[in-house]
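Database features, via Swiss-Prot:
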SITE      Asn9  site 'Discriminates between blocked and unblocked aminoacyl-tRNA'
BINDING   Tyr14, Tyr64, Asn66, Asn112  tRNA binding site
ACT_SITE  His19  active site, proton acceptor
SITE      Asp91  site 'Stabilizes the basic form of H active site to accept a proton'
Amino acid sequence: MFLIVGLGNPGNEYENTRHNIGFKVIDNIAKEYNIEINRQKFKGMYGEGFINGKKVMLLKPTTYMNLSGESVREVVDFYNLNNDEILVIYDDISLEVGKLRIREKGSAGGHNGIKSIIAHLNSEIFSRIKVGVGQPNGDLVKHVLGKFTKEETAILSESIEASTKAAAEIIKNDVKTAMNQFNGFKASTTV
């Protein structure tokens, strides 16, 4: 089984914030592959289904961002998963809105959700799709917990769709293939 985790914060007040783009991508994957995210366990909401004939679990941790690793660890332990069966999708402030970056491993880069996952897995080796949410002009917390502008929202729909395709490519083939295909991605709509 392959675990696909989208990072975000639970609660309506965070629903359309930059920090919750991982949840948005998971919702899009669920819609695309008819997977219902309607079960609660592992400190998260999840659903199981198939992508390209391979069994997957879509997980949205409900622990708040900084504790996401607790949820991921519970799934990994329960299903005895290896790190190469984990894909994490999350926001990246170092990328402009409309860009993606796929990686096989790496540091947290200041992202507290990834920091938590690395700590709970005791490893930086797991694949990830980073979705650009733009650089903050001032306060970082206000930026990541802020909502997207109308223009950015139009661009984001392309990023979400590309992230969905990239996740499917990782499941079907591998991370390197997805990197070659999507690391140069830039939404055609611009701000």
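Glycine is treated like the rest: Cβ placed from N, Cα and C.
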Between Asp91 (site 'Stabilizes the basic form of H active site to accept a proton') and Tyr64 (tRNA binding site), the C-alpha gap once rounded to whole angstrom: 14
Recorded positions compared (Asn9, Asn66, Asn112) - highest count of Cβ atoms within 10 Å: Asn9
CB within-chain contacts under 8 A for His19 (active site, proton acceptor), separation at least 6: Leu7, Gly8, Asn9, Met65, Asp91, Val133, Val144, Leu145
Max CA-CA distance, Å, over listed tRNA-binding residues Tyr14, Tyr64, Asn66, Asn112: 16
For Asn9 (site 'Discriminates between blocked and unblocked aminoacyl-tRNA'): DSSP state (helix, strand, coil): coil
Output field, tRNA shell: CB within 8 Å of site CB centroid, site Tyr14, Tyr64, Asn66, Asn112 dropped: Asn9, His19, Thr63, Met65, Leu67, Ser68, Gly113
Reduced DSSP assignment, Asp91 (site 'Stabilizes the basic form of H active site to accept a proton'): strand
Surrounding CB atoms that lie within 10 Å of the CB of Asp91 (site 'Stabilizes the basic form of H active site to accept a proton'), all protein chains: 24
Where Asn112 (tRNA binding site) falls in three-state DSSP terms: helix
For Tyr64 (tRNA binding site): DSSP state (helix, strand, coil): coil
